[in-house]
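Participant: First the structure, which I've put down as C-alpha cells, then a few questions once you've had a look.
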Amino acid sequence: MVAAGVYLVASLFPLFNASETAMMTVAIIGAFTAIFAATIGLVQTDIKRVLAFSTVSQLGYMMLALGSAGYVAGVFHLMTHAFFKALLFLAAGSVIHAVHTQDIEKMGGLWKRLSFTGPLFLIGTLAISGVPLFSGFFSKDEILIAAWADGNYPLFWLAVIAAFFTAFYMFRLFFMVFTGEARSEMKNVHESPSVMTMPMVVLAVLAVVAGYVNTPWFGTFLGDWLVEGNEALGHGHIEGPGWIMIVATVVSLLGILLAWMMYSKKSISRDWLSSRAPLAYGIVKNKYYIDEIYNQSIVFGAKAISLFLRFIEVFLVEGLVKLTTAAVQGLGKTGAKIQNGQVQTYGTIAFVGLAVLIVIYALTGGYL
C-alpha cells in the first residue's frame, strides 16, 4: 500500500508527462520527501521506525525519477526496493523476536548470537545504501542520472545528500544492533527458526541480483520490456555522465564510514550533533513536530466539528423528534381522558368550543 502513489503516477505517466508543471511538481515533492524523511531517520531509535522512514525516503526517490521523466528508473527502483526492504523488515522482525524490544539503544553485540540474521541484514543494508554490485546501487544510479539529464540540478544534489543520509542512518542502525558489546540481558538471545530465516535468504539473493536486469553492462532487460508499453513513451534507459556513478558511490561510502566511526569504532562522539545543535537535533528527533501540529490543527478541528455535529444531532434532530413524539403522546393521552363516556363532559366541551368560536368571530369581524 505504501507504494500505491508511485504505482499511480507510473500508471498515469503519459498524463503527467503532458504537463511540465505536473512533472516538476512530482519531482520537487519526491526530492523533498527523500531528504525530509532521511533526516528523520538519522536520529530514530526504534528499529521499525528507522526502516519506515527509510521507506518514505525511498518512495521520494521514485517520485523524483518519475517527475524527471525517468519512467524506467522509478519503476526499477520500486522493484529493487521491494526486495531489500522486505529483507530488512523480516530481518528486523527476527531481531525483535530474539531480543523482545524494538529499541536499538538496548541492543548491541548481536552479530555472533544472530549469525544468520546479521549477514542477511547486512546485505539489505548494503543494497539500500547503494553500495556497488548490490541492486540498490543500479536503481539509485538510474534515478540520479534521470534527475541530472532532465536538468533538475538542485533536486539532483538533494538526492545525493539524501543518499549520504541513507547510508549513514542504515549503517548506524546496523552497527548499533550488531556490533559493540552485548548487554547482560542479551545473553540468552538465540537465532530465529528456519521458517523465519529461509524467506530472508531468498530476498537476500534478489537484493543482490535484481539490479542486473537493467544495467548497461549486462543488459537493460527491464527497461526494454517497460518501454514496449504506452506508459513509457520512449522513456527507457537514460545515458548520463560517468561521474554521477562515482559521486553516488563516494557519498554512500562516506556515510558508511561516518556511521562506523561514530557507532562502531566510536572515534567520533555520537552526541556530536545534539551537543552542537540541540535545537536542530530536537526538531529532527521530534519529526519536525508534525504529529503535534497535526493533532493541534487537523485532529483538534475534527474533534470540534464532531462535537458541533453531535450537538446538532442530539439536541436538534433527535430533540425535535422526541419533542414531536412527546407532544403527540400528550395530546393522545389528553384526548383519551376527555372521551370518558360522560354526556355532560361532551356538552361542556361543545359549549366551550362554541363560545370560543363566537368570541373569535366577533373579534375578527367575521373574517376568520
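Cβ coordinates are placed from backbone N, Cα and C, and glycine is handled just like the others.
The domain 'NADH:quinone oxidoreductase/Mrp antiporter transmembrane' annotation in TrEMBL covers 1-166. The transmembrane segment feature in TrEMBL is assigned to 28-47, 59-76, 82-102, 114-135, 155-179, 200-222, 242-263, 343-363.
Can you tell me where each of these features sits in this structure?
Facilitator: Long-range contacts of the transmembrane segment (82-102) within the same chain, counting only residues at least 6 positions beyond its ends with a Cβ under 8 Å from a Cβ of the stretch, are 3, 46-48, 51, 54-55, 58, 110, 113-114, 117, 120-121, 123-125, 127-128, 134-136, 177, 186, 189-192, 196-197, 199-200, 203-204, 206-207, 210.
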Participant: State, in range form, which of 28-47, 59-76, 114-135, 155-179, 343-363 has the highest count of Cβ pairs under 8 Å to the transmembrane segment (242-263).
Facilitator: 155-179
Participant: Give the nonlocal contacts of the transmembrane segment (155-179) in its own chain as ranges (CB under 8 Å, at least six residues past its ends).
Facilitator: 27-28, 30-32, 34-35, 38-39, 41-42, 44, 47, 50-51, 54, 57-58, 60-61, 64, 68, 95, 104-105, 107-111, 114, 118, 121-122, 125, 128-131, 140, 143-144, 147-148, 247-248, 251-256, 258-260, 262-264
Participant: Given a Cβ distance threshold of under 8 angstroms, which distant residues of the chain, six or more beyond its ends, lie next to the transmembrane segment (343-363)?
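Facilitator: Distant Cβ neighbours of the transmembrane segment (343-363): there are none.
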